[in-house]
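Peer 1: Attaching a single structure in structure tokens format; questions to follow.
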């Protein structure tokens, strides 16, 4: 095995679409990790969803052997990281296992807010950051301008930055040479008691829990007895190895290496991410500093369409939580939708991804309510409570003060789109804190209510800036605000799953818009359906879905039986997506109407 001075652990920091996964592909090709026949684009993005959306969601790892120009062979452990703002937690975990990071910037587009945020995380964790200018093959590449931008915005000297094109393969070996030269080797003692950090875990139906670990001290061998510090239950190591990117079984993993461990753990919570693994005979080894547990920012109710799926839904969530430590869930029941779970997510993209993974990987049919953020409420008795579900909001009389979460949003935008972005932030009740011109870009800092950010802010920001603005935000504080609960009544019955918490100044406008939207989405019945929006006891908007006249002539006379069967099946599939609320069927689209309101 390689000695410590020849190991390099690194990850790549890049904004979405700046070519991170393609660089990974080139590294694998240069180092011969896969034969040309097995090579495919974005080989590390193994989830179908990742390929379809063209984003990296999960962190992946690869171990490659690179023969450098100095004639020595180096073991490169590369941990791939996602670039989207919702997955920053995955990034901080990957960085915790590295000594260096490549900051990849698109030579045509320049620096984006997300790379700035992740780059600061890397610098705070003491990593060596190496700037790389990618996409040099593009005619619109401006390396000198972008190098200056990296220096202005992040403060890294990028005059010597490697210039490469992952697509054409130009300059990729120079990137590897820089990596070997600049990233420090890991420190650690192979003979010390074992300490290994769990970077990621996932559930395999045959092997049980598989964990990706970075060995910090000591050596991990096959048939060793190991324990996870927080659980303390001893397990036998059945298999360990590295991904090249195919799994390669090894006899041992030494200090400084990154690889996977299988220890026959069948319990989903048997290997929590961020925990320390050590030998059963040295249980009092110091735990490694993991990463802070992240708090969900957005909550939504998820309910199985058929109540028979409740147990399989619970299992699916448990397996997903193992793989995605930032997902939170607790049981919840709704008068309208029955039993389900209240789930917490890092942002809207995270929520969509989780919903799609549940529906695809676990074959569940789900109804999701509109997402809300967490509010802090001081009751008349002086107690402080947190509410993440509008239907759990106490009676207005017993509330002393309501506070909403405020986020600090850092936006990078080209100068010509600055006006539109400022207009959007003001419309979303934002307060400008800072504005700096750096080259052709402007860095704006705003304080915005999180409630406004999580719904459609990201999409609107992209559309007003023609896709050029980038956003990074983090929670700042709770701030008092005039908030009210907007209830939706259908035929006089409150539908708890449709309630919203909104700002008082916007409540009437929101009520009217919501009612109009619902009117278009609720199918016509055999009777008039009244849709009302109310605040407390006061109705602020009303609309009526007119009754339908039954068409008695549209019956099939005789004809082919399979034709009738087809029509019945089609109707059955449509009914499945609906839920009976009192006596009106509400389609899934109506639950999401809330998101489409122009506040």
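Including glycine, each Cβ sits where the backbone N, Cα and C put it.
Not my notes, these are from Swiss-Prot:
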type: DOMAIN; residues: 5-187; note: domain 'tr-type G'
type: BINDING; residues: 17, 18, 19, 20, 21, 22, 134, 135, 136, 137; note: GTP binding site
Peer 1: Could you check what DSSP calls residue 21 (GTP binding site) once collapsed to helix, strand or coil?
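Peer 2: Looking at the DSSP assignment, residue 21 (GTP binding site) belongs to a helix.
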Peer 1: Counting other CB atoms within 10 A of each CB, which of the binding-site residues 21, 134 comes out lowest?
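Peer 2: Result for the binding-site residues 21, 134: minimum number of other Cβ atoms within 10 Å at 21.
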Peer 1: Give the mean pLDDT for the domain 'tr-type G' (5-187) on the 0 to 100 scale.
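Peer 2: Reported value for the domain 'tr-type G' (5-187) is a mean pLDDT of 74.
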